[in-house]
Amino acid sequence: MDFSKLPKILDEDKESTFGYVHGVSGPVVTACDMAGAAMYELVRVGHSELVGEIIRLEGDMATIQVYEETSGVSVGDPVLRTGKPLSVELGPGIMGAIFDGIQRPLSDISSQTQSIYIPRGVNVSALSRDIKWDFTPCKNLRVGSHITGGDIYGIVSENSLIKHKIMLPPRNRGTVTYIAPPGNYDTSDVVLELEFEGVKEKFTMVQVWPVRQVRPVTEKLPANHPLLTGQRVLDALFPCVQGGTTAIPGAFGCGKTVISQSLSKYSNSDVIIYVGCGERGNEMSEVLRDFPELTMEVDGKVESIMKRTALVANTSNMPVAAREASIYTGITLSEYFRDMGYHVSMMADSTSRWAEALREISGRLAEMPADSGYPAYLGARLASFYERAGRVKCLGNPEREGSVSIVGAVSPPGGDFSDPVTSATLGIVQVFWGLDKKLAQRKHFPSVNWLISYSKYMRALDEYYDKHFTEFVPLRTKAKEILQEEEDLAEIVQLVGKASLAETDKITLEVAKLIKDDFLQQNGYTPYDRFCPFYKTVGMLSNMIAFYDMARRAVETTAQSDNKITWSIIREHMGDILYKLSSMKFKDPLKDGEAKIKSDYAQLLEDMQNAFRSLED
């Protein structure tokens, strides 16, 4: 929000409007003489005017969590009430920017202060007032038109990827008395004036919205379109939908951040909001370094991915209280773009740090701790965040649909999934991508454990698959059966060895190895495999399962005859086919293109059928 417009202590005429600091305990400050203050009201604390939020009221005492470092605040310092809740500014200029947890623009602060640190009590508006944006009003609006909350009244081309639709804030309505002609305006210029019941109100391109409040929608819709991640194991076995909720729990070093970053880079979302919440600063700088170089092709033009991304950085060395706010800031930005009719993905890395911030504040307030010292309301807070996801019919005209998908990384200490944060999260989310330390140690990435992970969106996506990839659902079921069977056989193999297994079981083991090593495993740092389009995923799986079916049939049909076909014979005769199967992943979707990859896979299937025919003859 625009902190420069908030009242300042020096400007106040009456001292009676101040409260006074009564006690300081880390980020928690208690203040007296605060009668009339509201819950979650924004306040300025001390002579440095630090930003804080009231989290408890008792008599005329208020407990405030301060979003900045509180060293130097002393008893008796003034506390100024602003009369507003913690809010964010929504308007052109969000894309490509990097904010801290309470939406202060880090690049602007850095250029103004020439410092690598954020000074305390800094006053900078979240969206720059200097940049001029090219505003085009909607053709069907003129003076005298009626307009209501959520209606789009203008369009700003924020960059070549995002057309920023300027909407009327949800609670306003009236008759247009002025609308700005097409031209260049900054975010403080009035572009619309309305009259309602004799009262005129002016609007700029920016709207302010409280972060803890859900933005209203017309209705929630069932989600039915997959969120394609470009990771084979996720798209094929545990799909998520646009508007879904996903948790990625995993111990340190399992690759949570790499999965969230590859989602940001390659998923089929229109807008990405990446919230780094209490994680390493290096991870955010890596995103800032990598994303501008990464490109995507839109209508034949190559564009930087940074143009569709906004970052909310709240690293582990920033004040603890702001971690809690950063998650709400991120989800409010996501809902704003959803209201324009975009499909938004929000990455929260990691919600465990957010829960730890809740625990620290709760401990300072001397609240009764629950499991592992987390507050009793941990589950409710997590739910209030995850339930803001979903596919919706947006408010206002023209009619449009948008969605917010949330992907939350969870880092349980020691990779223990019975941790309170993980278990509370799993009760809320619909998709669980469980990362396995053992797989990560074997350098099998993405280290998603295919036996414990699940997705509850399978049924919802059946219609989509039937329409576009008819053969896919039975293939997925078969692949899961093979992997499950291999897990059951693993114990027997350890006891008696591979040689004493039945021939069909040997085939199951070999095909499971093929699926694990050459389908589920994916090298995110190579041009051919960092992103796998869905047609390639289906083609690869289809050929592997076809090989499995043919091999089993060949073994079973000749089991009673004199010239038996065993697995060793198949392996001997089909070394070339097996090599081709395991190198299907090396086809580069950008260089080779969809048509060539599909024809290559079809050719491989034909070669396989011919090879099995000649073997049986």
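Any Cβ shown, glycine's included, is placed from N, Cα and C.
Now, the feature entries from Swiss-Prot:
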MOD_RES   Thr136  phosphothreonine
BINDING   Gly250, Ala251, Phe252, Gly253, Cys254, Gly255, Lys256, Thr257  ATP binding site
MOD_RES   Ser384  phosphoserine
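A separation of roughly 42 Å, to the nearest angstrom, links the Cα atoms of Lys256 (ATP binding site) and Thr136 (phosphothreonine). Counting every protein chain shown, 22 other Cβ atoms lie within 10 Å of the Cβ of Thr257 (ATP binding site). Recorded residues Thr136 (phosphothreonine) and Phe252 (ATP binding site) have their alpha carbons 49 Å apart, per Cα-Cα distance. The residue listed as 'phosphothreonine' falls within a strand segment according to DSSP. Of all the binding-site residues listed here (Ala251, Cys254), it is Ala251 whose C-beta has the fewest other C-beta atoms within 10 angstroms. Rounded to a whole number, the distance between the Cα atoms of Ser384 (phosphoserine) and Thr257 (ATP binding site) is 24 Å. Surrounding the centroid of the Cβ atoms of Gly250, Ala251, Phe252, Gly253, Cys254, Gly255, Lys256, Thr257, where the record places ATP, the chain contributes additional residues within 8 Å, namely Ser411, Leu435, Ala440, Ser447. Ser384 (phosphoserine) and Gly250 (ATP binding site) are 23 Å apart (CA-CA, integer value).
For the binding-site residues given as Gly250, Gly253, Gly255, the lowest number of other CB atoms within 10 Å of the residue's CB is seen at Gly253.
The local packing around Phe252 (ATP binding site), expressed as other Cβ atoms within 10 Å of its Cβ over all shown chains, amounts to 12. Sequence-distant contacts of the residue listed as 'phosphoserine', defined as residues of its own chain at least six apart whose C-beta falls under 8 angstroms from its C-beta, are absent. Reduced to three states, the DSSP call for Thr257 (ATP binding site) is helix.
Counting neighbouring Cβ atoms within 10 Å of each of the recorded positions (Thr136, Lys256), the lowest count belongs to Thr136.
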